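**Q** Dumping what TrEMBL says about this protein:
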type: COMPBIAS; residues: 53-63; note: compositional bias 'Pro residues'
type: DOMAIN; residues: 72-155; note: domain 'Galactosyltransferase N-terminal'
type: DOMAIN; residues: 162-237; note: domain 'Galactosyltransferase C-terminal'
type: REGION; residues: 42-69; note: region 'Disordered'
type: TRANSMEM; residues: 12-32; note: transmembrane segment
Amino acid sequence: SPPLLRLFPGRLSAFPLFLLALLLGFASLLWLQLSCSGEGPAPGGQERGVPRQPCPPPAPLQPPEEEPSWGPHRLALLVPFRERFEELLAFVPYMHRFLSKKRIRHHIFILNQVDHFRFNRASLINVGFLESGNDTDYIAMHDVDLLPLNEHLDYSFPEAGPFHVASPELHPLYHYKTYVGGILLLTKQHYELCNGMSNRFWGWGREDDEFYRRIKGAGLQVRRPSGITTGYETFQHLHDPAWRKRDQKRIAAQKQEQFKVDREGGLNNVRYRIESRTDLSVAGAPCTVLNILLDCDTNETPWCTFG
């Protein structure tokens, strides 16, 4: 007899053996889950405080380009970025799986500002738009610290006009009526109609408010989600204000200029150079990192530096 059967007195029928196999299999899976998630006793006598091996992440969904049901449109996910690597490591695989489950063809662009000027979210989005290629026909201006939790949120082609996914009644922080930040979808045609975003906003904030005026000036109507019942729990906000302090300083004339509409600048005069372009994978999720050197005319916007 096999050694395992000698542990049990008498004869065992097939059904009890089947139940025993199921029980052992379940116990093995439970032990594996507890050991790699950090709960329960450490495997192999491992001392407390020593990092466990992470559980293997689920395989990312790869968009089947030949699948007609995914539709003809392709989204360029434009993510302005600087020195938020912890957020980036969570964002890329999460958004790739989220969009793939929704059958949204997409390409994630990480717009990494590597110059020595103050952060300029709007200019980075302008650059991302210009560098996103002809195989994408609409964009998402997407903050790296905002993850959609509700699978019913719409990321499809916004043919009827700009679609504000992170609407004021859903965003965990910003609730005023003219808010269009966080996550905003536009066709490339509509973005060009607005001449993109103003390049005059160095530091944090106000570029979205100016862009709302551009949208209205172009005769476009902002649409927002309907039927979403999760309220302020619709998104996960990854930003830690104590650890990642925002550059909210207002220098010299910047205090007055931040409330004005820029009627001349935008896509037509963004000044930049691509230092490098790298295609990479984060936990199996593909993305393209653009290292971007912005340029600043200190006569026009002296507040692009602190000096």
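Just so you know, the numbers here start at 1 and follow the chain as drawn.
Backbone N, Cα and C define each Cβ position, glycine as well.
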**Q** Can you tell me how the residues of the domain 'Galactosyltransferase N-terminal' (72-155) break down into helix, strand and coil by DSSP?
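**A** Across the domain 'Galactosyltransferase N-terminal' (72-155), the residues distribute as 28 helix, 23 strand, 33 coil.
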**Q** What are the DSSP helix, strand and coil residue counts for the domain 'Galactosyltransferase C-terminal' (162-237)?
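**A** Grouping H, G, I as helix and E, B as strand yields 20 helix, 11 strand, 45 coil.
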